[in-house]
Amino acid sequence: MAAAAAAAAAADSDGDSGGCGSSRDSGSDGCGARMRARTRAVAMAVLSYSGGCSCNGGGSCVVILVSAPVAVASIVAVAVARAIAEAVILAVAVMMVEVVAVAAEVPVAVAVTEAVAVAVAVAVAVAAAAEAAVVALILLVIAFDLTIWIVLQSFSDIPDSEKACKDIAYQLVKENPRIQVILGGGRRNFLPQNSTEPNRSEARRTDGLNLVEEWKQEKMSHGFTHSYVYDKEGFDRVNPANTDYLLGLFSHSHMQYEAERDNTKEPSIGEMTAKAIQILSKNPNGFYLLVEGGRIDHANHANQAHKTFADVEAMNQAVHNAQRLTPDRDTLIVVTADHSHVLALAGYASRGHNILGLSTVDGQLNTVSPSDGKPYTTVIFGNGPGWSSDPRPNLTEVDTTAVNYLQDAAIPMRSETHSAEDVAIYATGPQSFLYTGTHEQSYIPLAMAYASCIGPYAEGKLACAKYEVLPHNNDPTPCTDPNPAELTRSTPAIVFMLSIAAIIFVLITKH
């Protein structure tokens with residue numbers, strides 16, 4: 001049950017130098033670029049009061065050039081104002097002293113003179129305190145601006161190669177070398193432009209890295225048995241019994257749609273799943289396998305229902321292979337999606353009706369209206385390239401089950417969109433009850449970790465005591481036996497329930 005190894009059925013990672021947004025449907029970034037960007041955004045929000053902060057693409061910000069002149073001018077203005085105020089106060093004081101001197105014989109005048117002297121002293125003290133406060137505030141603003149400027153300026157010192165997230169190919173090979181199985185497309189993202197590998201003209205890497213060779217060298221340096229394959233023939237030759245690591249890149253871009261797949265060149269997602277499990281299941285501590293049917297999404301975006309359903313069926317076969325090759329006693333299998341699409345089922349089709357065909361009821365074609373007389377397909381889309389400005393065609397003689405047939409769409413768009421309704425999640429195996437009900441997407445991996453006794457749930461969970469699992473820090477020490485106190489913690493509750501049951505029993509028997 002514990003995840004001692006990892007594997008991925010990797011789809012093509014287009015846009016390997018495109019930064020955090022390069023993944024079409026995923027917000028996962030795998031690096032700190034988003035945190036840096038977020039920090040800069042917060043700093044810019046804090047400094048927005050000046051209205052003059054100018055940041056370039058590298059992240060430098062010349063805030064100090066805006067605030068320093070303002071601060072200097074403020075200090076000069078305060079100093080001038082204080083000098084004028086003090087001069088006026090002193091002039092008034094001198095005049096009053098002269099008046100008092102003339103009337104030196106009058107005791108009241110002496111009292112007035114003393115009062116004026118005190119007032120002058122207080123006025124000077126207040127003016128000095130006010131000036132000190134203003135100067136301190138201005139210096140604080142300067143220090144704050146300078147600090148933020150230094151922080152933001154530091155972002156401009158980050159090399160261009162570090163400013164965006166690493167591409168998926170780089171992450172798989174360089175940042176996660178213990179991933180044992182990587183299968184899918186996207187070969188062009190692993191190879192440099194001058195590569196001699198198959199389809200080298202499609203290679204995209206501009207950093208000079210040959211990640212395939214790097215992957216091989218890393219495995220050889222540790223003495224791991226490994227295989228790199230790029231076609232179905234090589235894939236079939238891989239013997240799971242003597243293979244620790246497997247890298248298979250079967251297409252320079254995306255894998256083919258299942259409906260168009262050449263089974264002499266590319267393995268199916270079901271075959272890749274089976275091979276991965278056969279390799280990973282050798283680990284006595286268990287494994288974690290991620291399988292993505294990524295082309296289901298692409299077919300939906302294209303309004304091509306035939307390709308959509310063919311890839312759904314291929315994914316179904318992958319799930320079947322996972323169930324067939326793993327013991328259900330200690331294998332949790334979770335099947336879900338990251339989003340839905342605006343695909344809809346129209347009409348009241350009869351049982352056994354071809355889902356790709358025209359909508360019928362009891363063998364009769366459904367039409368919009370008797371006067372229209374034009375049938376419609378059971379599968380339609382809310383938007384996408386299937387929309388047409390021409391009058392709706394009569395589909396009676398059209399093969400709507402063809403692989404490349406575009407379903408009707410209500411709104412014209414170059415690419416169909418995702419939708420917002422909840423998606424299903426299915427689970428089987430130990431702890432599968434954790435997925436009952438409605439959950440946030442982020443809950444899914446946490447439940448997996450809990451069921452597997454890994455991560456934050458590696459210790460202190462009684463159910464983990466019976467399994468040899470790897471805790472969070474990859475320490476090979478298995479979960480320790482539970483504290484006896486843990487076993488008796490629920491005793492008071494049990495005694496209370498038994499007491500209630502006994503009381504109820506006595507009351508019933510008395511009557």
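Cβ atoms are placed via backbone N, Cα and C, with glycine included.
As given in TrEMBL:
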REGION    12-31  region 'Disordered'
TRANSMEM  57-80  transmembrane segment
TRANSMEM  87-104  transmembrane segment
BINDING   Glu292  Mg(2+) binding site
BINDING   Asp297, His301, Asp338, His339, His418  Zn(2+) binding site
TRANSMEM  490-508  transmembrane segment
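With the fewest other Cβ atoms inside 10 Å of its Cβ, the least crowded of the binding-site residues Glu292, Asp338 in this structure is Asp338. Under the three-state DSSP scheme, His339 (Zn(2+) binding site) falls in the coil class. Between the CA atoms of His418 (Zn(2+) binding site) and Glu292 (Mg(2+) binding site) there is a gap of 17 Å, rounded to the nearest whole number. According to DSSP, Glu292 (Mg(2+) binding site) sits in a coil region rather than a helix or strand. Taking the Cβ of His418 (Zn(2+) binding site) as centre and 10 Å as the limit, one finds 13 other Cβ atoms among all the protein chains shown. Cα separation, Glu292 (Mg(2+) binding site) to His339 (Zn(2+) binding site), rounded: 13 Å.
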